Amino acid sequence: MASTWAIQAHMDQNEPLEVKIEEEKYTTRQDWDLRKNNTHSREVFRQYFRQFCYQETSGPREALSRLRELCHQWLRPETHTKEQILELLVLEQFLTILPEELQAWVQEQHPESGEEVVTVLEDLERELDEPGEQVSVHTGEQEMFLQEMVPLRKEGEPSMSLQSMKAQPKYESPELESQQEQVLDVETGNEYGNLKQEVSEEMEPHGNTSSKFENDMSKSARCGETREPEEITEEPSACSREDKQPTCDENGVSLTENSDHTEHQRICPGEESYGCDDCGKAFSQHSYLIEHQRIHTGDRPYKCEECGKAFRGRTVLIRHKIIHTGEKPYKCNECGKAFGRWSALNQHQRLHTGEKHYHCNDCGKAFSQKAGLFHHIKIHTRDKPYQCTQCNKSFSRRSILTQHQGVHTGAKPYECNECGKAFVYNSSLVSHQEIHHKEKCYQCKECGKSFSQSGLIQHQRIHTGEKPYKCDVCEKAFIQRTSLTEHQRIHTGERPYKCDKCGKAFTQRSVLTEHQRIHTGERPYKCDECGNAFRGITSLIQHQRIHTGEKPYQCDECGKAFRQRKKTSYKEILLKNHSEPQAGVNLLLSSLIPEWQSCFRKDL
C-alpha cells in the first residue's frame, strides 16, 4: 500500500519541519538535511504549499505559519537568488498553462527552467512535423495504411501533471535530456513507489541502507524490471530476450544492436553516482555530470560546421550531423526503410505489427503511435493553430498546412507509381491507388468503371435511373442524399459558404472553393493534351471533350448532340409547361429564394 505523507509544522519556526511516512519519523538531522536538499523533496513541499487547506489547522496564525514554512522549503531563499526564485515561479505557471497532453510530455523531460521547456516543445514540434510514411500492414485479408509518427505517451502511463508528480530519485543521461529522446522508454511508476514502501516498512531508515536500496531500485526500474525485494540481486533481468544478443553489464538487459550498449549505459547507473549541486540530479559517470551542468551554465561547446547549431554534448552533435550526411545506419527488416536513429527504427517497427496501445479517452479510438493520439485529441479540442497566409484556412497540424500550401503553389509531391499521376494530398493518392488494386475495387458491369463498394452502389443508379432522394418542395429527385441537401438550399435561400475576399455566398462548399481561385489565380486542373488550366474539375472535363469529340447531351426533339448541358432559362421553363401554365409558374417560383417568391406571388 502506498504511504500517506503528512506534514507537521511547529509554532516555533526555529524547529525543522518534520516529514513522516505513516508512523516513522526522520529524527536525525543528517536524514532531514538529505531529504531537504533533494530536488524531488522540493517538489513535495511545492505540492503541499499549493494544496494546503485551512481546515487542517487550529486557527489563522497556525495556517499562516505553516504556509510560510512550506513556501520556504520549496523556494529555498537561503540558497537561491531572487532570479532563481522568479524562474521557479514562472516555470510552474508555464507548465500549468500547457495542455494536459503536453504537460505529460514535458514533465517526463524534467525541465529546470522555462527555456528548457521551450527547447523540449520546439524539439517535439520538429519531430511531429517530419513527413510521415505509409506502411502496409497485413491483418488477415485486409490491408491498411498507417502513418508513421513520433510517440508521445504510452498506454497506461499516468498523466504527469503538476498535481500528480511523484517524489522519486532518478538517474538521467544529459544526452537524453538534450535530445528529449529515450532509447529505452521505461518509467519508475507506481510499482516502484509501492515496492519501495513495502521494504521501507520492514527496514529501519538508518545509515546508507536506504540510499543503497533507492539506487538499486532506480537501476532496476530504469531497465523496466519489477521484482520482489528479496530477488533484486538474484533474478535475471525481466527484459532479456535472446542469449545471443548483447546485454548490459550492470543488469543483463538485452539490446538489439551493439551500438545500443553505449546508449543504454548512459541511463543505467553504476555503483558510484555524481550529483549536481544545482538541481540534485545524479549520474553514473563524471563526464555525464559535466555535460548536464551545461544546462545550468548555458554552455554549448560543440558546434556544427554545416549549419552553425551548437550542442552541449559531442554525441548529440554526431547525431545531428546525420541530418547533413544523410547516413541511415538502422534498417527495418520488414520493408527495408532506413533511419538515422535507433529510436526512430524502434518506433517504425511498431507499425508493421498493427498494435494500437494508445486510446483516446473521449471517443475510445486507438492509435499505434502517441503522435497519432496527440493529433487526434485536437479534433475534440478544435485546436487549429496553423494558418495559411494565402487563404487564411486553419489546420491542426503543420504537415497538413504544408500539403495545403501545394494548392497555391501548384506543387504535387505525391505521385502514383502505377500511372504517374500526381496529387497535392497524400490522401488523394491513396484513394486513387484503389483504382489499381483490383482486389479492392468493384467494377461496374455496364461501363467498366471501378469504384469502392459504396461508390459503385451510387454509380449504378446512373444506369438504372433510380433517384431515391426527392425534394418535398419541387419534387425533383436525386441520386445522392448530399445532392438533395445542396438542392434544398435553393428553396430555403441558405448560402452557408461565404467568400472572405468579396463576401459572395454559395450553397455548396465546392463552388466556394472554385470561386476563391478567382482571387488567388490558382488553376490546379490542367489539360494533358494542350496545357490549358482551369479552376474547376467540371470545366476541365467539359474542355477535354473538345479533344475526345464526346457529346453526351442529346436533344430530344431533333437528336442533335452537344458537349455540355445548356442552362435552362426562365422563359424555356414556362414554354415547356405551356399546356399547364400554373405548373410552369410554380416550377419557376420554386427556383427563387423565399424573399423573391413572396414578391412575385403578390403580382400574380
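Quick reminder: no glycine exception, Cβ is built from N, Cα and C everywhere.
Among the residue ranges 77-99, 330-352, the one that Swiss-Prot annotates as zinc finger is 330-352. According to DSSP, the zinc finger (469-491) comprises 11 helix, 4 strand, 8 coil. Across the zinc finger (274-296), the prediction's mean pLDDT works out to 83.
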